[in-house]
Each structure stands twice: as C-alpha cells, then as structure tokens.
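Chemist: Got a structure here, written out as structure tokens. Questions coming.
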There are 2 protein chains.
Amino acid sequence: MGKDKGPSFNLKTPKGTKDWSGSDALLRDRIFTTISNVFKRHGGTALDTPVFELREILAGKYGEDSKLIYDLQDQGGEICSLRYDLTVPFARWLAMNSDVRSIKRYHIAKVYRRDQPAVSKGRMREFYQCDFDIAGTFDPMVPDAEILRIVSEVFEELGWSGRYTIKLNHRKILDGVFAVCGVPEDKIRPISSAVDKLDKMPWADVRKEMVDDKGLDGEVADRIEKYVMNKGSRELLDTLLKDETLNANVTAKAGLEDMALMMDYLEAFGVLDKVSFDMSLARGLDYYTGVIYEVVTEGSAGVQADAPEAQKAQKSSKKDKSKNSEDDDRSNDPTLGVGSVAAGGRYDNLVGMFLPKAQIPCVGISFGVDRIFSITKARLEREQSIDALRSSEVDAYVMAFGGKGFSGMLKERMEICQKLWSAGVKAEFNYKLKPKLPQQFKAAEQGAIPFAVILGEEELAAGKCRIKEMGLPEGHPEKEGVEVTLDSLVSELKTRLSKKSDGAVTSLAQQLQGASV
Amino acid sequence: MGKDKGPSFNLKTPKGTKDWSGSDALLRDRIFTTISNVFKRHGGTALDTPVFELREILAGKYGEDSKLIYDLQDQGGEICSLRYDLTVPFARWLAMNSDVRSIKRYHIAKVYRRDQPAVSKGRMREFYQCDFDIAGTFDPMVPDAEILRIVSEVFEELGWSGRYTIKLNHRKILDGVFAVCGVPEDKIRPISSAVDKLDKMPWADVRKEMVDDKGLDGEVADRIEKYVMNKGSRELLDTLLKDETLNANVTAKAGLEDMALMMDYLEAFGVLDKVSFDMSLARGLDYYTGVIYEVVTEGSAGVQADAPEAQKAQKSSKKDKSKNSEDDDRSNDPTLGVGSVAAGGRYDNLVGMFLPKAQIPCVGISFGVDRIFSITKARLEREQSIDALRSSEVDAYVMAFGGKGFSGMLKERMEICQKLWSAGVKAEFNYKLKPKLPQQFKAAEQGAIPFAVILGEEELAAGKCRIKEMGLPEGHPEKEGVEVTLDSLVSELKTRLSKKSDGAVTSLAQQLQGASV
C-alpha cells in the first residue's frame, strides 16, 4: 500500500450492522445490566450458545422467514448458519441435555437476519435479544405469573413506572371465541392474524379484511367484535366466566380457568395493576399454546387504553408526540408486535420438534432492547440528563497545576490515581508530562466527570489536595473546591460521590423515575 | 416427524464450539464482570463491532492464519467473514471515525478461527477475547504503564495475588541486542522467534535452532545468550544502561530510555514488584513496535523465575503439580504465548494499514479468559468452594410446610418472594401447589442457596416466619433457624447475607485470596 494512496476498499461495517460506541454503548450496557440483574434475582441461569448452529437445526423452524437466515460458506466440514433467534438454540440445548428437566435460563446475545435493513428505524441485520424462559412441568400458571413479575421489575428498574402496560391474553380463550362465533377450523389462524392488527387499525378495517379478503361471514365477524374489543381486568374475566356459550367450549373454558389462576397469582406478585387483559391480543407466532403477552409503552399502540375513551384520548395525544422517535421505530423482530417493547408467551411443543420424547413445556419473554434503548435515550435527551452524553462512568479526573517552571507532577498524579483505583474509585488523568490546567478541565467536562481532584505543588507539600465538584453554579460555597488531606481524600471523595444524586452510581430508575416528559 | 422416530439430524453444536451453562457460565460471567469493572475504573469505554466484517477489511492482516478465517456464504450482496480478533475491527473503527484521535476502549466478545479444535485442551473455534487498548499520541510510556496497572488490578481482583508475574520487555531493546551481537538484518525476526521459545525449552536447544536451523554464527548466538538469559528489575536495567556497546546502538538506547521511564511510572502505580524485566520475552506477532508483555502464573513457564536457582526450583515443583489442568491447557490464541494468561504490547502502525493519514499509536492488552476460567475453576474445585458448583446466585429459597390437609401456601410463598424481590434479594420458590418439605430443601441444597425462608401456617398467622441458614453443623445454635417477624424479614435476611463471608455476594478475590493450594 503506497503512502500517498488511500486504502483500496470501503471503510464501513456490513449492510444492516453498526458499531456501538461511546454514550450509546454505555447506555445499552446499563440496560443489559438492569435486565440481567432482574433475571438473576429470579434464579435465572445464563446459557451461552454458539453464534452459528448446524444448518439442519434451524431448518423448518421459521417458515417463510427461513430465507432470511445467514449461511456460512462451505469451507469443508459441517454446514452451518448464524442463529436467527435464541429460542431454537435453547430448545436444541434442552433436547441435547436430557438430564435437565427444568430450568430458568436467560440469554442476552445477538441474532442475525438477512432482512432489508432500515438503520434509521432501528431495523438491523444484527441485533440483540434478551430472553428469559422457564422450562419444566409445573402446576398451571405459576411460572407464567413469575414471567410477568419479571417484566414488571425490568420496566420499573428501567424507570418506566406508570408508563407501560402488559397486555395479556390466552390462546385458548381466543381459539374458543373463534369457535363459538362460528369461524371454520381452517380460518382460525388467518382470522387470528387479522385480530392481531387491532392495535394499529380500527375494527372497521379489520372486519373488512376478515370478510372481503378472508371470506368470513359478516355475522361471524360481528360476533367476534363483541368479544375481541374488550379490555379490562378481573371484571372482564368475571363477565366471561358467566358467558354460558363461551364456557360450553372446552378450549375457552380451560383458557378462562388459566386466566383466573393467573390473576390470583399476579395479585400475589403485586403486578395485577400493570396488566390489561386484552382480548384483541393474538400474537403472530404459531407456536404459542397458552398465555400470550406484549408490553406497550406511551406512544406505542394500546397503552392505557383500557376503555374506549382512554383509547381515543390516547390517539389524539399520540399525534402530538409523533415527533418522538419511539412512535416510528419498528423492530424487525417478529417476536415483537409493532410498538411493543417486550413480548412472549407459553410454548409447550417446541422442544419436541428436536426430540419427541423430550417434550418440555416452556414459557418465556423476549425484551426488545433496541426499542428500549431508543426510548430511554430519547427520554434522557429530552430531560437533558448529563448521563445521556457520557461515554464512560469515570468518577474523578486527577489534575495538577503550577506556576512558572511547573513540573507537571506526572508521578504525583499517578500516585493519586493509584490510591483512588485501589479504593475502587473510577479515575483518569492526562497522559502528558506537563498538561495545561484548562486542557485538563476540558477533558473532565467532555467526559461529564463529576469531580476533579486538583494537585498544586504547595498544597501537596503540605499533604493536601483539592476536591472540586464540576459544574457547580457561581456563588456555591464549594465552587472553588474544598481542601482535604491526602489521607482523607478517598473517604471525602466517596462521601461526595454517594451524595451526588445524579452521579455515576445512579440507576436508570433513579434517573428517570417520576421525571416529567 | 413421527412420534416414535428420533430427529433425522445430529443434536450437537458445530465442531469446535460449545454451549456454556450452569456453574461454568456463572463463573465465566463473574470473571467478565471482574475484568470489565477494572476496565471501567480506568475510564474505558465499550466498543461493540459486528461479528462479521467485509472480507476485504480482514484480508492481508493475519498472514498465513488467513486460511483460518470463517467466510459467510455469498447470498447476494456484500462478501463478509467472521472476525478473527478484536484488534483489526478496532483499527477499522479508528480509521472510520476520524474525529476520534484518542480513546481508551474495551471489548469483550467472541472471535472465530477455523483451527483444528482440541476441546479438552480449551482450543476452540469460537472463543472470547477481553481487550483493553489505549489509542492516541501521548508522552512516552504513560499509557503503557497504565495498561500494566490494569493487568495487576485484574489479577488481584481475580484473587491471584502473589501468583502471577508480568514479564516485560521492549522490542527496541531486543532488536538492539540482536544488532550489537551481529545478527544479520534478515535473520532478526527468525532469531527473535527462537528466543521466544526460551519459556519452554533450555538455551542449548534454542541455540541449536539458531545455529543449525537458522544458520546463525555460533559466536553470535553466544553473545545473544549473555543478554537474553537475564531477568530482573531496576538492577538489570542499570547494568544495561552502563553497557557501552548496547548504548551505542540507537534502537537499543531508545528502548532502554523507554524502559527507565516505564519503571518509574510502574513504581508510581504501585506495580513494579509484580513486573519482571525479562530479556527473553520476544512475542510472536510482528506488529509490536515498543513494550511487550505477557502474564504468567504458577504452573506456567517462567513464573517467579527471576534467578536461575528459582527457575530450577520451579521446574521441579512444576513436576509435582503436573496433574493440575492449567499445566496442560494451551490456548489457540496466537496473541497469547504458551502458558500465559494475558499478553499485549505497543503497536503504533496498525491503524495506518487502513488509512495511512490516520496513523494512531496504540498500546493494549488481551486477557485469555478461557485459560483464566480453567485455572480459577480448578482452584475453586481444589478448595471445594461451594461457589464452584453454583449455577445461579440465589440468596434465599422460600418454602412452606404443614401437617395433614396442608394447603401448600402457594400465594403466601409468592407474596414473600415478591417482598424479597422488591428489596433486591434473589429468591426462588417451588412452582408446585403443594410441594413436600424435603423436596424444597433438596432444591435449595442443589442450588447451593445459602438461606431458606420457611413458612408454617401457625407462625404465619402470628405474623412470623423462620430464616434458616443452610448447611450449619449439628449443635449450632441457629441450626433449626431463627424466628423473625414478617416486617423484619428483609432486614434480618440482608444482615445475615452480608455477614456470610462465603455467600453469594463474595467477590472472586475474597474467595480465593490467600487460600492454600
């Protein structure tokens, strides 16, 4: 390569992929930590599978979407493909490990889809999934309810309290409704997908699709409307439990009994008020066999829309908010509905696809971390949170100044850093022998580092230095910093760090909780 | 798929890859957390790059090893390959982001090599790298010294205090030595790789390779011996600084001056005593331009071998330990020497391969997490640490018991779990309506969960429950547990958790520090 020529190739990442760096990488990392802490709190155990699988493991699992699978080149040896999701590798692992009859596993990792990317909308070819699943044969609805408790803990700890709704339905209730309304057996799945669109189109349009496109009798559609437009909680369940037609259908009855148990358990877990029993929720994937759920947030369809009035009010307010990026973001993840930030359900038959004798019932949730990231970042930016701009979590910048003939005090700065690091304090210093003071302050400001530790030659000779909180307003008594002895530096700094409410140690929840939008 | 037939394909992971689950996954995760906490403490910012790159980005970077690169199939569109390491993607990112002139970045991620796998020896086709690099133009040796401080913090916090040595050398010193000893220019790299083998073969064999295989004059070899067999610290440097022949060589002189600065800075950082200036360290990769280093631990070559006597003593003691797995483990990572657990150096010319005008000097370290994992796991097992067996970090198992007609107290167990989760305590319960008490205790034991929270109907009616520490010896005053009020349950449990020194909250360092082997 000649010294005067540029490289002969494109300096870019492959189509539909991107680098994550700086404040985006740090924020996403904090979201992962928040989510995995909740997973661990519920006894979740980590599973890590290879990024590629034997191609035959993935074959026949994704229907039409199989064309989106990335294949590895045949370089001799086995034929492999990049994983498309984390669920099939989990089912493969369960089938392989026949000693494991039950497990709570979590997996946070990238998956790959050769889809048409739309980077600006967050639709990527390489993206993260955060999955938690409970496998095993247990008494009905107990693990299912814990999954929704997990969902609630995640969003509370992300600082979304009061801003999200868990939409809940049951495949068997929906299938029972279709049966008693008179939907022919072969039309149940197509009609179900039409119902699933109620979060983004009005009933009239959905009815039109059912009747005109899918050949459903108009009267059948009208009977369906009476059921699927309902949203609520226990009172809706009580109404349905009194519905003799519905209860005469064994499938529906089984679903309603599950739902009654579920609500009892959700109450014991303290999350019933976060859940909306939403009869229009159908979920796209065929493999669900029991409860299904989807989490929506402000700006995405259906939130706080338990009553038609609320829904209408929400629609008009949505218009005002359409400039916010979360309204437009669409994930390419088919496990997530449009506008949802997490979704899942019970799937009792998937493991059996690998090993019929190893049938293991499962229930799980997948968090759409790309959408959660965009929404969280937009909120931090709107609230002008300094943390939105940070690219590291450094607590203190160790700097020095001096007059004419100033040595730069490099080794002294190193020794102070060493002291701070040994005490677990995150600290940086300038790598120059004789950095200028404004240069050092600028670095601390750019990194949004909350504290400066300032060394002066005279102070240091007296065994002292200065702690200065960055960004204090003029006139603040500590604006110029406070002098402390070197012996007390660590404890004085730690006290200030823990006091600083919006400092580096703050959780996302503390930062975002109750903040106005 | 018929019910009686098994699947028609192999249930396995691709060759050279494996699933990580249970206690192995948890232990590896704790190692990652320990390492990334140190990286963050030094102001490291995370970089995440796609798992595949445009093939032309990787081309021409790995010499002969290019044949080990995994290619993606051409499915139309760009031609891509899986990344081979994290360094080339970092250099590509630096070249692409011309606004970034300096950065401390870390990256913990998987890399891919179509090598002949040896799973039992830990040589895999998919494995993790943990890299920290400092890019930018600074005053000499300042970031270089911080990298070694980082190395020391990582191993101290992994609990390896006193069990590792950082071998340090400088490419310019080595090249200067070869020059003054009379090695012809074209033989410098081959002779350098021969020297690099001194950690696993005696001088006589290395000399033989130099003279017989590589055609070096025997007298030149003998002159080399006088230099490269030296190990030490400041006193060795002082001797070399007085060596007029060596100092007459500009390259050697520059290297020695760097080394003098380095030692000053290492002292300021409090890590000089962990470093051995080892003139036989050469490091395989061609792209190093300054300091080079490698971390060795007990059982791997060269540790505590500052004097020939020590080396001899170590060799015989090594024999006794040969049953320990770490002696045999060999990483396939060419950035790591045989027997080393971390390695790196300064490489000032790599970024320029992508964009000559964007030349950015770099210095970095890569931790061999697979070897660190094996050694840590072996130690935990030898010390029969309960944590070696744990697959989750659960603090408490909430259980219930009762006499005839016992309800199972499912909702009560759920409510207690809810209380614990809300307080951040990691808790589990049995998913059965009416589990038997021995069954619940067995689950707690199998999970090595330190505490049981036991509900009885009468106690609960009186607003009380029982906290029982698992595994207490017979006769211990709290063997049967202690009764606490429900209101004080969380605080009583948290007090006990923080007291329990070998409990789930312990760091690896606390667990392994000072333990006998």
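Numbering starts at 1 and runs along the chain as it is shown here.
The backbone N, Cα and C atoms fix where each Cβ goes, glycine too.
I grabbed these lines from TrEMBL:
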- B:ASP85, B:LEU86, B:THR87, B:ARG113, B:GLN129, B:ASP133, B:ARG283, B:TYR287, B:TYR288: L-histidine binding site (BINDING)
- B:16-372: domain 'Aminoacyl-transfer RNA synthetases class-II family profile' (DOMAIN)
- B:1-20: region 'Disordered' (REGION)
- B:304-339: region 'Disordered' (REGION)
Chemist: Which residue among the binding-site residues B:THR87, B:GLN129 has the fewest other Cβ atoms within 10 Å of its Cβ, if you could check?
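Modeler: Checked B:THR87, B:GLN129; of these binding-site residues, fewest Cβ neighbours within 10 Å: B:GLN129.
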Chemist: Of all the Cα pairs drawn from B:ASP85, B:LEU86, B:THR87, B:ARG113, B:GLN129, B:ASP133, B:ARG283, B:TYR287, B:TYR288, the residues the record ties to L-histidine, which distance is largest, in Å?
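Modeler: Between the outermost Cα atoms of B:ASP85, B:LEU86, B:THR87, B:ARG113, B:GLN129, B:ASP133, B:ARG283, B:TYR287, B:TYR288, the distance is 22 Å.
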Chemist: Counting across all protein chains present, how many other Cβ atoms fall within 10 Å of the Cβ of B:ASP85 (L-histidine binding site)?
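Modeler: B:ASP85 (L-histidine binding site) is surrounded by 21 other Cβ atoms within 10 Å.
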Chemist: If you count CB neighbours within 10 Å, which one among the binding-site residues B:ARG283, B:TYR288 has the smallest count?
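Modeler: Candidates: the binding-site residues B:ARG283, B:TYR288. Fewest Cβ atoms within 10 Å: B:TYR288.
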Chemist: Which three-state DSSP class does B:GLN129 (L-histidine binding site) fall into?
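Modeler: In three-state terms, B:GLN129 (L-histidine binding site) counts as strand.
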Chemist: So what's the mean pLDDT when you look at the domain 'Aminoacyl-transfer RNA synthetases class-II family profile' (B:16-372)?
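Modeler: So the average pLDDT across the domain 'Aminoacyl-transfer RNA synthetases class-II family profile' (B:16-372) works out to 87.
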